[in-house]
Every structure is written in C-alpha cells, then in structure tokens.
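Participant: This is the feature table in Swiss-Prot:
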type	residues	note
SIGNAL	1-29	signal peptide
REGION	61-80	region 'Disordered'
DISULFID	C85-C96	disulfide bond
DISULFID	C107-C124	disulfide bond
DISULFID	C136-C145	disulfide bond
DISULFID	C138-C143	disulfide bond
MOD_RES	V146	valine amide
Amino acid sequence: METQRASLCLGRWSLWLLLLALVVPSASAQALSYREAVLRAVDRLNEQSSEANLYRLLELDQPPKADEDPGTPKPVSFTVKETVCPRPTRQPPELCDFKENGRVKQCVGTVTLDQIKDPLDITCNEVQGVRGGRLCYCRRRFCICVG
C-alpha cells in the first residue's frame, strides 16, 4: 500500500515537472535569428509610423560577427520599401507587394536577439533617389552617394 502511494506521488511529481518543462521555454528557444530581429524592427517601424502604407524589408546588410549573448545589442543596417498595403489592415508586410515608385528608407541602429528583452534602437531616413547612377542617402541637406 505504501509503495503504491509513493508510486502515485512520484507519478504526480513527474507530471508536474513535465508540464513545467513544456511551459517554461528554454533559453535557446528565446533567441531570434539576426533576420528575425530585423523583421521585428520593421514591424515596430510600421507600428510607430504615421504613414499610409506598410514598409517591408528590401535589403539586409551582412550580420555582425557571431556573439554568443543574445541580450547584447547588435549593430544592424537594412533598407525598407513602401508596400501597397494600407497600414490599418495589419497584414504581414511580407505578404504585401512593393509599391511602384514607393518610398525607400535606409535604417541603422541596434537590435537584440533575445525575445524577452526587447530593446530596439533604429533610425530610418528616406533615400532621396539616384543621382548619376549612384544611390544617395540624404538627411536634411547632407547627402552621401554610393556606387
């Protein structure tokens, strides 16, 4: 009888531990890839934007050297382009087509790969266009042309 009771108690503890393991995500499951962190930054840009249409990732610059700590801010540089989807639709930007002659923005800043910590520090500036076959990024009256 005592063995049966101990076995039943052990079974309950095993069940509780199993449920706890399923509920508490592991640290590795909480880490985002570099691209996922950038897509999260694009989502944040769309949430905070007052513009009519959503933006979608157009180009992602090379990720920085590997860093084991997902909570450490990583430098990031990417380009987004305006889509045909109105912002209020809340449609995932990846499902939206790019708008012909839509606005293009160059974004720089830092992201973390940790899903729990969510510090993003991103600044986006509109790309003013192409000058003599070169892509130019302008901020106020100062432009940098590449290419």
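One is the number of the first residue shown, and numbering goes on along the chain from there.
Cβ from N, Cα, C; glycine included.
Just tell me what is around each of these and how deep it sits.
Facilitator: Away from its own ends, the region 'Disordered' (61-80) comes close to residues 30-32, 34, 37-38, 41-42, 45, 55, 104-114, 117, 119, 121-122, 124, 127 of its chain (Cβ-Cβ under 8 Å, at least six residues beyond either end).
For C85 (disulfide bond), the Cβ neighbour count at a 10 Å cut-off comes to 21, with all displayed protein chains included.
Using a 10 Å Cβ-Cβ cutoff, C107 (disulfide bond) registers 20 neighbours.
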Participant: What is the total of other Cβ atoms whose distance to the Cβ of C96 (disulfide bond) is within 10 Å?
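Facilitator: Other Cβ atoms found within 10 Å: 18.
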Participant: So, in DSSP terms, is C85 (disulfide bond) helix, strand, or coil?
Facilitator: strand
Participant: Determine, from DSSP, whether C107 (disulfide bond) sits in helix, strand or coil.
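Facilitator: Once the DSSP labels are grouped into three classes, C107 (disulfide bond) ends up as strand.
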Participant: Once the DSSP letters are reduced so that anything not helix or strand counts as coil, what is C96 (disulfide bond)?
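Facilitator: Its secondary structure by DSSP: coil.
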